[in-house]
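Contents: one structure, followed by commentary.
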Amino acid sequence: MLCSAKQSLARLTLSNHYGEKSPSGKPHFSSFPSTQILKSRKSDLSASKPLYISSFDFKHFDKSKDSNSQKALTQCNAYEAHRSQPITINLDFADEEAQVVAGQRIKIGLYFATWWALNVVFNIYNKKVLNAFPFPWLTSTLSLATGSLMMLVSWAIGIAETPKTDVEFWKTLFPVALAHTIGHVAATVSMSKVAVSFTHIIKSGEPAFSVLVSRFLLGETFPAPVYLSLLPIIGGCALAAVTELNFNMTGFMGAMISNLAFVFRNIFSKRGMKGKSVGGMNYYACLSMLSLLILTPFAIAAEGPQMWAAGWENAVSQIGPHFIWWVAAQSVFYHLYNQVSYMSLNEISPLTFSIGNTMKRISVIVASIIIFCTPIQPVNALGAAIAIFGTFLYSQAKQ
């Protein structure tokens with residue numbers, strides 16, 4: 001709060017009345033000038049209004065000097081009441097609070113825009129890799145390995161602060177990592193079998209899984225509008241699946257399993273991040289490392305190094321050196337978009353995160369249809385629109 005007061009200044013100078021010498025030669029100090037003295041000194045003081053004394057300035061008294069040449073012992077500053085100006089008060093609290101809110105919104109907006117852009121790029125390169133190298137288990141493993149390596153280097157050179165963890169932290173993180181691993185592999189398997197747009201249309205039904213899991217496993221209850229919002233979500237996904245030209249049961253089930261796994265991951269993540277000193281970026285880094293340890297033995301058992309070597313040689317021979325860039329790009333962008341999403345989750349509520357996730361699906365679906373020239377029927381597009389609209393209704397009903 002800034003407060004300023006400006007008023008005209010009238011000067012009251014008491015020069016010869018404080019410190020005048022008495023007949024005995026000693027200085028005589030008066031507590032205040034008498035009425036007679038004031039009348040005789042009208043030239044020094046001329047004010048018909050009340051005076052508000054603001055300060056006294058006591059000067060040095062020197063006996064060695066003549067009283068006529070002495071400076072004023074006491075200087076009194078006073079303000080005339082009739083010349084007083086209104087005090088100007090500027091309240092800045094509201095402005096500062098508005099600036100903080102605006103800054104927070106800009107920060108979240110940048111998080112969302114970066115999250116969506118990185119996710120679109122990841123899905124494009126991921127689909128290119130899977131078209132030439134249909135080994136989703138290894139592709140998923142490389143994504144986690146690249147992210148883990150990036151964070152280890154960041155910690156080593158000081159770009160990111162090394163998190164302080166303990167055994168209890170890793171115990172709490174394990175179910176999150178397990179759900180993340182299952183969801184990641186299932187989504188990759190789905191995209192290796194069907195179009196990216198179809199996978200994300202099915203994955204837009206994640207709110208339905210969230211409500212069902214919360215209701216039957218966690219015992220949570222929801223108002224009627226929340227349950228009603230599930231109808232367009234389920235109906236839209238079903239309509240899109242039935243009318244999908246390249247329907248594949250493995251791809252469909254992979255997307256469904258991914259939905260279920262990511263619901264558990266989000267629930268466990270929000271609980272695990274409460275009261276922890278590990279921020280969103282480092283939290284996802286630890287999650288990637290633990291998921292990599294879980295996934296690696298299963299990836300070797302499911303596909304194996306011999307199949308990987310043969311598939312890699314075939315992909316390089318068909319695509320050329322660009323294939324190596326595709327693999328590196330999909331791995332890097334996978335880590336970056338997930339890292340930004342966890343940084344967003346650390347700043348916002350799960351509801352806002354869910355809305356942002358829905359908008360992300362729209363951007364991915366539209367971008368993949370344009371880039372890969374995916375054939376889509378009007379009925380299929382209608383089903384996708386209904387499912388996404390149901391997701392929006394769900395987010396509104398849950399407020």
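Cβ atoms are placed via backbone N, Cα and C, with glycine included.
Look at TrEMBL and you will find 107-395 tagged as domain 'Sugar phosphate transporter'. The transmembrane segment annotation in TrEMBL covers 108-125, 137-160, 224-243, 280-302, 322-343, 364-394.
Beyond its flanks by at least six residues, the transmembrane segment (280-302) meets 137-138, 140-141, 144-145, 147-148, 151, 160-163, 165, 169-170, 173-174, 176-178, 180-181, 184-185, 269, 272-273, 335, 338-339, 341-347 of its own chain at Cβ-Cβ distances under 8 Å. Away from its own ends, the transmembrane segment (224-243) comes close to residues 198, 201-202, 204-205, 207-208, 211, 252, 377, 379-380, 382-391, 393-394, 396-398 of its chain (Cβ-Cβ under 8 Å, at least six residues beyond either end). Distant neighbours of the transmembrane segment (322-343): 111, 114-115, 118-119, 121-122, 125-126, 128-129, 132-133, 139, 142-143, 145-147, 150, 269, 279-281, 283-285, 287-288, 315-316, 353, 357; these residues of the same chain sit at least 6 beyond its ends, with a Cβ under 8 Å from one of its Cβ atoms. Per-residue pLDDT, averaged along the domain 'Sugar phosphate transporter' (107-395), amounts to 88 for this model.
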